[in-house]
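As given in TrEMBL:
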REGION    25-44  region 'Disordered'
REGION    52-97  region 'Disordered'
REPEAT    174-208  repeat 'PPR'
REPEAT    279-313  repeat 'PPR'
REPEAT    314-348  repeat 'PPR'
REPEAT    349-383  repeat 'PPR'
REPEAT    384-418  repeat 'PPR'
Amino acid sequence: MIRGARAPPLRVARLFWPSRRLCGDDSRTGVEAPSTGQQDDGCILEREGEAGLDPSTVTPEVLLRMPPPPPLPGRPESGDYDAENLSSGSGSRRRPREELRLADRILKVLLQDGPGFSARKALDEMNLKVTNELVRQVMFKFVVSVDSVNRERYPRLAYKFFVWAGQQDGYRHNTSMYNLVMKVFAECGEVKAMWRLLEEMTEIGLPVSARTFHILICTCGQAGLRRRLVERFIKSSSFNYRPFKSSFNAILHTLLTIKQYSLIEWVHQKMVTEGHTPDVLTYNVVMRAKYLLGKLDQFHRLLDEMGKNGLTPDLHTYNLLLHVLGKGDKPLAALNLLNYMSDVGCVPSVLHFTNLIDGLSRAGNLEACRYFFDEMVKKGCEPDAVCYTVMITGYVAAAEFEEAQKLFDDMLVRGKLPNVYTYNSMIRGLCIVVL
């Protein structure tokens, strides 16, 4: 689409890159990213503001490199959606800055651990009041500073602190804390240790979450192992899959974010075989997978099946359909769909128009792109930086740099801040003109 403990700046910069992904596999829209020349199925990012280095301002999804969950109908999104309480807890009255300073001191102590120095004893002597936030801050520092030099040592140090913290009075690890230390293990390639943590969570009765599944599935290199993990989570009575309606939807959503399209097909088939009823989210995810696998006949069958089952398409379904029509160079059908959306009270947004324009751009129909861009403005729908970037990229790809320059100038006049993809496209266009 329409790392060293001493110097982690590059790693941190990636971690805190602008957070909203439009039409990436990790979006909930089910469409491709803009044709910016980035072959990633997609992701173009829109700046929403940047977080500082204080992990208290970082959502769990960003820290674990996961997409946020879809919001529940009639309920705002919440970062605390799967029983992973990230509050300070334990009656802590320390301010975030104090927690940060303590985390720095703890990390320095841990890094001294070795012959002649007991980090555990030093931690005891600090007389700390352990809280969820303090543990989170320490684990955060491990996650963002893993590199090739320390990746063998960091898992041991992180786990040593994790065990020590869990033994302190008035504190008990929750699912989120297990996920964080599991993330450290994942960054360091300690797969067996991750599975041992999963077993430990089960033994002590802690629920596992969609984040737990995401961290584990990303380390499974073999298809057979991934399937076994999926089956385990489906059957698990301790799988807290909120805010999704079922464990299947939680798993399907996660698989979409990591581009496991064939595995999505397998999970969907298993879901149907076991008698579970798909909902709109299920269909959106599976249809996107079918589309990206090039199985358009199955894509259309699923769309028909969705209607026969009495399910009404949502904004994300229409997003996907518009992109498919655009990429198939069917502007008239897309126009009819946009009109239908308005008639049924599902007013197209800038995201819908951008998806459509991107599809048409990929099909090489710049005339239709311009038409829908102008229509969007006429309808009072203000194009954003992503939409401008899609248009600019299309013109650059067609070697029409003058049109791209006009749009770039218009973008600045309207106060839209160009992003890195916008500049990449303009630079590419200038290179073409010079050559």
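A Cβ is built for glycine as well, from the same backbone N, Cα and C atoms used for every other residue.
Here the repeat 'PPR' (349-383) has a mean pLDDT of 96 out of 100.
Mapped onto DSSP classes, the repeat 'PPR' (384-418) shows 26 helix, 0 strand, 9 coil. In terms of DSSP secondary structure, the repeat 'PPR' (279-313) contains 26 helix, 0 strand, 9 coil.
Across the repeat 'PPR' (314-348), DSSP classifies residues as 26 helix, 0 strand, 9 coil. Helix, strand and coil counts under DSSP for the repeat 'PPR' (349-383) come to 26 helix, 0 strand, 9 coil.
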